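Enquirer: So TrEMBL says this about it:
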type	residues	note
BINDING	B:H93, B:D104, B:H211	Zn(2+) 1 binding site
BINDING	B:D104, B:E139, B:H400	Zn(2+) 2 binding site
Number of protein chains: 2
Amino acid sequence: MTSTASPTTPPQLPIDGARLIERLSALASFGGSVKSGVARESLTPTELAARHWLAAHYATRPGYLVGVDAAANLHIRRLGQYDELPFVMTGSHIDTQPLGGWLDGAFGVMAGLEVFDALDDAGLRTRRSLQVVAWTNEEGSRFSPGLMGSQAYVQPQALAGYLPVCDARGESFGQARDTALHAFDQAADAGGWSCFAPEPAQPVHAYVEAHIEQGPVLEREGLALGIVEAIQGVRWYQVVVPGRCAHAGTTPLVDRDDAQAKAIALAHALLSHAAEAAQAGDDALRVTIGRWACQPDAINTIADRVSFTVDLRHPDAHVRDAFDRLLRRLAPDGSQITLLQDKTTTAFDPALVTLLGEAAERRGLAARRMVSGAFHDAMPLAGHAPTAMLFAPSLRGVSHHPEEHTHSADLVACTQVLADGLLALAEPMR
Amino acid sequence: MTSTASPTTPPQLPIDGARLIERLSALASFGGSVKSGVARESLTPTELAARHWLAAHYATRPGYLVGVDAAANLHIRRLGQYDELPFVMTGSHIDTQPLGGWLDGAFGVMAGLEVFDALDDAGLRTRRSLQVVAWTNEEGSRFSPGLMGSQAYVQPQALAGYLPVCDARGESFGQARDTALHAFDQAADAGGWSCFAPEPAQPVHAYVEAHIEQGPVLEREGLALGIVEAIQGVRWYQVVVPGRCAHAGTTPLVDRDDAQAKAIALAHALLSHAAEAAQAGDDALRVTIGRWACQPDAINTIADRVSFTVDLRHPDAHVRDAFDRLLRRLAPDGSQITLLQDKTTTAFDPALVTLLGEAAERRGLAARRMVSGAFHDAMPLAGHAPTAMLFAPSLRGVSHHPEEHTHSADLVACTQVLADGLLALAEPMR
């Protein structure tokens, strides 16, 4: 990505905040509401209806094309003057957790579409085409893993591995994908839509994704916007600590091999290590023990097996490595440590991060650079094109829950910076 | 209890060790075997068959009566010269955990019956009657709580509360009890048994129960026998620690209310307290965290609720109280601490303990006084009659498991001391 916007006259594109919130609220009615949360898992009839509602807004408007690719990602393309140039991409996902909030994913898609409407309002053409994508199965709650659509877009050979994956009712991703493609064709025929066939892994000039933070940092610091420069690395461990069953009443401590006591001592040491790092000022080290199970799980029996998980995140691989050594050094003899997942930190494009930061500054917004703690579709995209993200503050950091919320002013401000950034990237025709 | 045995000529009654082991092994065939463990839960067809096999051995022998009481406890009575005197009682239980060992409970019943056979071999009459009891539902694994039969014997009004208790298949204790009484009547009719109707809460001269230790102390100390002078007090707590769900990746440590981290810190402090006491030489304080559950139990979600149990045992109520204060002082704000059970220490009869200790000494056995860590039928009996117990060493402290085992020599030695003790208590006719 190279910015061709003039440094003296950076483009600004006024958006319609009321329209954005109204259309976001309308999207929430597909599967729920703003207040009650949204149940709209990937490729369900509810999600397909929402996709077609989105596509229909643009599919008969001059200068727009709509299409679905082999992973059923929905693309809405606003044609630029030079459609053959690498295009500017934005978007996110509209699938939710089984019962999620109204903003996780949906905001990024609706923010991108609001940019289209703002461009239309302003009668502005761009040199490069712009494309809003609603990625398939970001959440991963219906089909595992998440990020299927964006991963298959940048790495088409991954799709074959996803097609046999089944949901809890036994329907495969391949079947659901076929249903979605067929439903799209029917809707397109019925609506007289202008369509195109999006190819995966096409050259992309830049990818910018707007999303809610899903964490408490921006709210706590009183900021309106996060300019995301990386997605932190994560390791998932499963730790199994062995012991020997014995009677809680008859077995002196000195005779015990208590798996629970050993696991608690290890977990306490790991959490203390993280707490010390936080006290020393490193707020990026995140250690979570989310699962815990013991056997035989009886009140008066000493446990012979405890299993727990560790979710470890830090942007710096050295810090993750140091934690890994600590875990292996402290684990009691006979423990099994399984690395369930190991994702390195995804660094975003520095020039694009700078461009977005300057756009925020010009709008007078209190913003900060930050690292995303959660995964997003921008993670696979970053391996394919210059990529960055914008975060809107999440109230109390809540997401994946009906109480997920962001003040309208913050959603509007984030969309405004997205609009200014996309316009600069797509290069306005003057 | 007053011992009337002459101090100069204490009675000794030689038992037949081979017969004891043979009959114990035969009992194990009801529901399993010595090697594979025994599945013989209370009042199941398997346990009823075993009871009737036991009763049939004595029920047609001159000088014996058999009977069941309202709690279905099986009583086998060897009539003394003066049957109207308070009688001497021994026994234990023959019900097991769903899959238990061959000795827990069964040993005490078979040891008592071996004393009967040894008395018969010696042609000895006693002044007082002797009674072996197989108590109903000691384990409590089928019907909760355990110790139903012995508790109902000493406190008959407790029975009404037990009758509606249902097992996992929905059968009530009352139904199972009725079935057992009916089956006993049928077996007695068919076998022409000499029966009596045991009344609860009759005056008992003394109750002595032989049992395996179910702990590792005797084996570790190289001793043949434990003379049990008390059953230690126990408190069962459930501790619920609250937190707030949040995303493991997006939530800095400083913003977390992590129920798991708080519960681990509390549990670690409690276990460290116990470990320090053990290091300081108090091997009687026993703290076990047997159960642990967290919500939502997801690898990348900070827990909003953790629940764990504490099994606390110590003979000294002051030590239990100090632990209680520590728990309440360290528990995080908002924690719920529920005292599920609070049993004080049960002290056995000092004169009876002395009598058994002297009997062991006369047999040249390496024995020690000790406190039982587990509950036994002797616990309720101790509130009704002079009571004590004898412990045989458990290999590696294992019980409630097919690997539960005790060397035959130790089983024989323990039974020998029981025989000598019971004979002294029942007073041989010379």
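In case you wondered, yes, glycine gets a Cβ from its N, Cα and C as well.
Model, not experiment: these values are computed from the prediction.
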Enquirer: How many other Cβ atoms are found within 10 Å of the Cβ atom of B:H93 (Zn(2+) 1 binding site), counting all protein chains shown?
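Expert: B:H93 (Zn(2+) 1 binding site): 29 neighbouring Cβ atoms within 10 Å.
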Enquirer: Given binding-site residues B:H93, B:D104, B:E139, B:H211, which are under 8 Å from chain A when comparing Cβ atoms?
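Expert: Near chain A: none of B:H93, B:D104, B:E139, B:H211.
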Enquirer: List nothing but the one residue from B:D104, B:E139 whose Cβ has the fewest other Cβ atoms within 10 Å; the candidates are the binding-site residues.
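Expert: If we count Cβ atoms within 10 Å for the binding-site residues B:D104, B:E139, the smallest count is at B:E139.
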Enquirer: Which whole-number value in Å describes the distance between the Cα atoms of B:H211 (Zn(2+) 1 binding site) and B:E139 (Zn(2+) 2 binding site)?
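Expert: The Cα atom of B:H211 (Zn(2+) 1 binding site) is 13 Å away from the Cα atom of B:E139 (Zn(2+) 2 binding site).
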Enquirer: Around the Zn(2+) 2 site (B:D104, B:E139, B:H400), what further same-chain residues have their C-beta within 8 angstroms of the site's C-beta centre?
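Expert: Near the Zn(2+) 2 site, beyond B:D104, B:E139, B:H400, sit B:T96, B:Q97, B:G100, B:G101, B:G105, B:E138, B:S141, B:S399.
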Enquirer: Neighbour count, 10 Å Cβ-Cβ cut-off, for B:H400 (Zn(2+) 2 binding site): what number do you get?
Expert: 25
Enquirer: What other residues of this chain sit with their CB within 8 A of the center of the CB atoms of B:H93, B:D104, B:H211, the recorded Zn(2+) 1 site?
Expert: B:S92, B:L103, B:G105, B:A106, B:F107, B:G108, B:E138, B:I212, B:H376, B:D377
Enquirer: Cα-Cα separation of B:E139 (Zn(2+) 2 binding site) and B:H93 (Zn(2+) 1 binding site), in Å?
Expert: 8
Enquirer: For B:H93 (Zn(2+) 1 binding site) and B:H400 (Zn(2+) 2 binding site), determine the Cα separation and express it in whole Å.
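Expert: With distance taken Cα to Cα, B:H400 (Zn(2+) 2 binding site) is 14 Å from B:H93 (Zn(2+) 1 binding site).
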Enquirer: Which of the three DSSP-derived classes (helix, strand, coil) applies to B:H211 (Zn(2+) 1 binding site)?
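Expert: Where B:H211 (Zn(2+) 1 binding site) sits, the three-state DSSP reduction gives strand.
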Enquirer: Let's check the environment of B:H211 (Zn(2+) 1 binding site): how many other CB atoms sit within 10 Å of its CB?
Expert: 28
Enquirer: Using C-alpha atoms only, work out the spacing between B:H400 (Zn(2+) 2 binding site) and B:D104 (Zn(2+) 1 binding site) and round it to an integer in Å.
Expert: 7
